[in-house]
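The structure appears right after this line, and notes come after that.
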Amino acid sequence: MTSESPTNYDGIDSRIDTVADRVGSVWPLHSFVTANPLSGFEGSPFEDAVAEGERLFGGRGYPRADIFRRAWEDGRIDDDALRTELERRGIERDPETLLEAMETAETKRDDDPDDATAAVDRVLSKWLAAYLDQGQAPWPMPNREEGFYSAWRAVAPYDSDVPGCDDTEDVPATATGAVETVLDAYPRRRWDSIIEHHLAALPGWTGFIKQRADDEFDPWQSEYPITLTEYLGVRLTLVDLLDAPVAPETDADAGDETTAVREAWLSAWEQSYREHLLEDVDDDVTESSHGNGKRPAAQLVFCIDTRSEIIRRHIEQQGPYETHGYAGFFGVPMRHEAYGSDVTTEACPPIVEPEHIIADRPDAHHAEQETAHNRWHGLVSAARKHFKRLKTNPVAAFPFVEGAGSAYGSAMALRTLLPSAVYKLGSTVDEHVPSSHEFCSPTLDRPRMTHEEKVEYAQTAFELMGWTEFARLVVFTGHTSHTTNNPFDSSLQCGACAGNPGGPNARVLAKICNDEAVKDDLRERGVDIPDDTVFVGAEHNTTTDEITLFDGEVPKSHHADVAALRDSLEQARAGAAAERSEALNGADPDKGVSETASRAADWAQTRPEWGLAGNASFVIGPRELTADSDLDGRAFLHSYDWTTDPDGDALELIMLGPLVVTQWINNQYYFATVDNRVYGSGSKVTQNPVGNIGVVQGNGGDLMMGLPLQSLMSDDDSPYHQPLRLTAVIHASVENVTDILREHGHVRRLVDNGWVGNLTVVDPTRDNAAFDYVGGLEWEPSVQQDASSERVAAPAASD
C-alpha cells in the first residue's frame, strides 16, 4: 500500500458513522454504563438481533442448555408454561430431547479467526491501548495530539510486527486515503459490509472510540482525538500489509437450528417469573390500605435500583417510615465537579444531555473542617506521588524495593488476612478527618440554574411519584458502592448517574427543595409543602448498606428527627446486610454488618456484592403495590400514583426514561450471562487493566465490553443471575399505557420486538385486573387472574 486512492469518496466518514450504529457504545471503566451490547439492533425483533449478533460478534444469544435444565429442575420454569410456549411454536418433542438437541448444537461452535486476522487484531489492539491510555503508562505514545492515524503512521516503521513498512511513505498519508485505497478494489455495494465487518472485529475498542468521539466533554478526546475513520484507516492498512482477508465470508452460516426451541424455553422461564411476581402484586393491590391518614416520621426516596428494594423493606420495618423509588439522578441533568478536582463527571443517564455543572464549593463558616481535610489528604497525595516516582524511576526502583519490601509485605499480609481490621482502621480515620460534604455545598450556578428550572425539577419529582403529603423529614437517597482493588467498581455505582455515585444529585435536589422561593412557587402550582418539612440528601452504600445523611444544614428543630432516623437506619442496615449475606458465598448472615464491611475492604474479594445481578422486573406504581412483599432484590421500583396523573403525562416520562434505562441494564446482565466471553469480560483472574479505560483478557486483545464473570456467576458453571428479559408491571389504565406506546415508537419497538420480555398492566380502573401485552397495541387478560372471579374483557386499543 504505497499510494492514495485514485477515487475520492467525500461521504466516507458519514458512511462509517452510519454503519457504526450497529456497534454498541462502550464507556470507560471509571464511568461504566450498563448498556445493551446489541442496542444497535433494538429496531429488530429479538431473535433476529441475536442472530445478527452471532454473525458479527460471534456471541451466543440464548442461555446454554445446562442453564435451562437447572432452572427447569429447580422449578423456576413451570411445566405448563413450557408446554404452552412449545405448542405455540409447533414444537412437539419432549423437554429432555430438546435439551439434548441444544447441547449437541452448542458443541459445533467455532469462532477462531484465521492467523492473519488474529495478527491484525493483536497489532491494532496494542497501538489502540497505547494511544487511548489515560495516564497509566509512564511513557506515553508520541505524537498523540496529531490524531490516531498520524501517530500510528509515525511509529509503524519501528514496529517489527508490521512487515513491509520501512518508511512512513509506505502507507497513505491520511486515514481517509487508507480506507479508500482498500475499498476501491471492491464494488461500492460491498463497502458497507466490509466496513461493518472490520468495525465488528474489535467491538470493544470500536464501541469505546464511538462513545469517546461523541462525548464533547471528554478532555482526553479534546487533547488526543480519535475517530472511527482513523481506526479503520489503521486497521485496513494492517490488513493489507499482513495479507489478511478484507471482505467477510459470503457463505453465511445457516445459524442455530435450535433457536426456536431456545426462544420457547426462555419465554417459558419469563412467563413463570411473571406469574410469581403477579401473585405478590395482585395480593397487595387488593389487601393493602393506601395509608392510614397519619403523617410518617420520614419519607425516604431511593433510586429505583434493585438493591434499594432490600434496604427499603428493612427501613419500613423500623417504624412509621415511607420509602419511594425515583430515578437515581433525581431528575437533575448535570455534571459533577467534586471538591479539589478540575474534572467533571456525568451524573445523569447516557440518554439525557447534561445541562448544568454542579461544583462542590467550601462554605466560609466551615473553614476549620476544610483545613483539616486538606492537611490529611495533602499528606496522603504527596506520599502516593513520592512512592510512585520511586517505583517507576529506573535508577531508584531496585533500591526502593530492597528497602521497602518488608513494609509492603506486612501491609499486604494485613490487607489479605485481616480485611475487617483494615476497614475499621479506615473508618476510624474517616471519623477524625472531615469529609468534603461536611464543609462543602453544591453550587447551582455553573452554568446558572434558573429559578424556573429549580421549580421544574422539584415539581417533576413530586408529580412522577404522585406525592400529595409530606413528612417533617424528606430524605433523597442516592447510592454508591465501596470495594477494593476492583476495576469494575463503577459498575456497582448508580447507573442513572452514568456509573458514578448518586449522592451529589441527592444533595442538589434537597438544596433546591429547601429553597423558600422554590417552595412558594410549588405551592402556587398545587404542591403544598408544609412549613416544617426539611429536605436532606443522603447516600446508600450498597456494599455495606450503610446510609450516610448529609445533614449539616438541618435546623435544630429537626435534630431529634434526624437522630431517630439515624438509629433506625442502623437497625435496617443490620437486617439488610444479614439478608444479603445469605447470597454471598462463604458469608455468615449472623454477622452481616461485619461480613459486608470485610468484603468491601478485601482486595482479594472477587464478589464484594452482587450489584444488580438477579434483576428481572420493573414495577411502576404506588408502594402499596408491593408493600410487605419480599421481591428478593430483583425488582426496579418506581413510585407512581395513577390518581394524580389522569392523562398519563407522568407515566409517559417514566416509560420514556427509566423504562428504557432498566431495559439497557437488564440486557447487559442478560447477554453478559449467556455469553460472558463475547458480551462480558471473562474472569477477573485473567483480566488486565489497560490505560485506565478498561480491561483485556491476558496480555492484549479487544477491550472487553461488559461485566466480569464473577459479577454474574456463583462459580464458573452456575449463574447467580437468572438470564431473563425484563418484565414490566405498570399500575395504570390500559388506555393510558396504550396511548403512550402508540405515541412513542421507540418504546413500542422495545416491547413489540421482545427487548422488554413482558409487559403487564394492573388496571385500577377495572378492579386491578391484570392484562398482558401481546403486541400490536393489543392486550389479553393475564393468565394469573383468579379463575373463580369474573373475567374482565381485554380493552380494545383506543383510536
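For all residues, glycine too, the Cβ spot is worked out from N, Cα and C.
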Candidate ranges 24-48, 474-498, 499-523, 574-598 [criterion: Swiss-Prot lists as region 'Disordered']: 574-598
Near-site residues: Zn(2+), ref C303, D305, H479, C494, CB cutoff 8 A to centroid: F302, I304, R307, S308, G328, G478, Q493, G495, A496, C497, G502, H540, T542
Reduced DSSP assignment, H479 (Zn(2+) binding site): strand
DSSP helix/strand/coil residue counts for the region 'Disordered' (574-598): 18 helix, 0 strand, 7 coil
